[in-house]
Amino acid sequence: MADTEKKSLFSAVQPSGAVTIGNYIGAIRNFAKLQDEFNCIYAVADLHAITVRQEAAVLRRNTLELMALFIACGIDPAKSVLFVQSHVPAHCELTWVLNTIAYPGELSRMTQFKDKSARHADNVNMGLMDYPVLMASDILLYQAALVPVGADQKQHLELTRDLAIRFNNRYGQTFTVPDGYILKDSGARVMSLADPSKKMSKSDENPNGFVTMGDDKDTVIRKFKRAVTDSDADIRYDPEHKPGISNLLTIYHAFTGKSIPEAEAEFAGKGYGEFKIAVGEAVADALAPIQAEKARLLADKAYLGEVMKKGAEQAFRISRKTLSKVYRKVGFLAGE
Ligand code: TRP
């Protein structure tokens, strides 16, 4: 498992409810593909999730569901370290130390902090502002060289690098400074079906804008039938002039593996209606086995419990090593 020849790669997803096909294509699906090339460490980021208000029972459910989804999407607990963030105390402990070298100015300038503060104006809390420091701790504890991130997390990764460099300069070489990992086929940015100028998001006020990993076949097809397109009738990839059709072609490509030119050829001369149904069917057919496997896993609580326990133990060991080093460098007396 922990192969010293391989670089370590870290990523995490928040258990904040529905996972869209955009999250799947842009992130989760690729996690499985990286497992042979890297030492992969994947977490369910429940500590991050409570920076916005959560219902306790719902958070518990979502955490278990995301664990099951990760495995159903191909993350193999025998190959990768897969764990729940709050099960590993070093994340909070390192956050405290990194807080002492993070500046309120740089944290309050983070785009996501500003967006979330505006969206949750009744709950602008310190955790929301500290979110990127916790994220830096996630990454730095595992000495991850690589972090697959989408555009929305680039700024947080930049801050992680800044904090790592700042700490290393002040206390001596301690942390690997991580790089973003750009996925080979990640041109696939999935846009809203209701407004293809916006990224697909589960917080879209229009539920037809996004498809979730749990949507059944009828729902998926209904949402694709309603997808916004344009007035000319060509099925052609042209994101600037035909963002709706281009988004559907991207999704079709992502779920069938057919190239965009192949897809264009397949639908040449056909109508938008037929094309939309074909995309919906391709997506629904790809989701069905994942949904079945996820349901099977959720029915096997003992297995999921074992996976979480083993993952937490592995993560504990790796993270403890880094944290001990940090504690020594900052001048804490050895406690044991
Ligand atoms: N903030 C990330 C998101 O919402 C989730 C996350 C938490 C993460 N810790 C991380 C991603 C560490 C990459 C690395 O998408």
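Cβ atoms here come from the backbone N, Cα and C positions, even for glycine.
The ATP binding site annotation in TrEMBL covers Gln14, Pro15, Ser16, Gly22, Asn23, Gly150, Ala151, Asp152, Val190, Lys199, Met200, Ser201, Lys202, Ser203. According to its DSSP assignment, Gln14 (ATP binding site) is coil. Of all Cβ atoms in the shown protein chains, 21 besides its own fall within 10 Å of the Cβ of Gln14 (ATP binding site).
Residues or ranges marked as L-tryptophan binding site by TrEMBL: Asp138. Look at Asp138 (L-tryptophan binding site): DSSP puts it in a helix.
As annotated by TrEMBL, motif ''HIGH' region' applies to 15-23. Confidence over the motif ''HIGH' region' (15-23), given as mean pLDDT on the 0 to 100 scale, stands at 93.
Under the heading motif ''KMSKS' region', TrEMBL lists 199-203. Within the same chain, residues 17-22, 119, 152, 189-193, 209-212 sit at least 6 positions outside the motif ''KMSKS' region' (199-203) and bring their C-beta atoms closer than 8 Å to a C-beta of that stretch.
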Just the binding-site residues from Gln14, Val190, Met200 whose C-beta lies under 6 Å from any atom of ligand 1, please, or none if there are none.
Gln14
Fewest Cβ neighbours within 10 Å, where candidates are the binding-site residues Ala151, Val190:
Ala151
So among Gln14, Ser16, Asn23, Val190, Lys202, all listed as binding-site residues, which is physically nearest to Asp138 (L-tryptophan binding site)? Use the C-alpha atoms.
Gln14
In the structure shown, with every protein chain counted, which of the binding-site residues Ser16, Met200, Lys202 has the densest set of Cβ atoms within 10 angstroms of its Cβ?
Met200
Relative to the Cβ position of Asp138 (L-tryptophan binding site), how many further Cβ atoms are located within 10 Å?
27
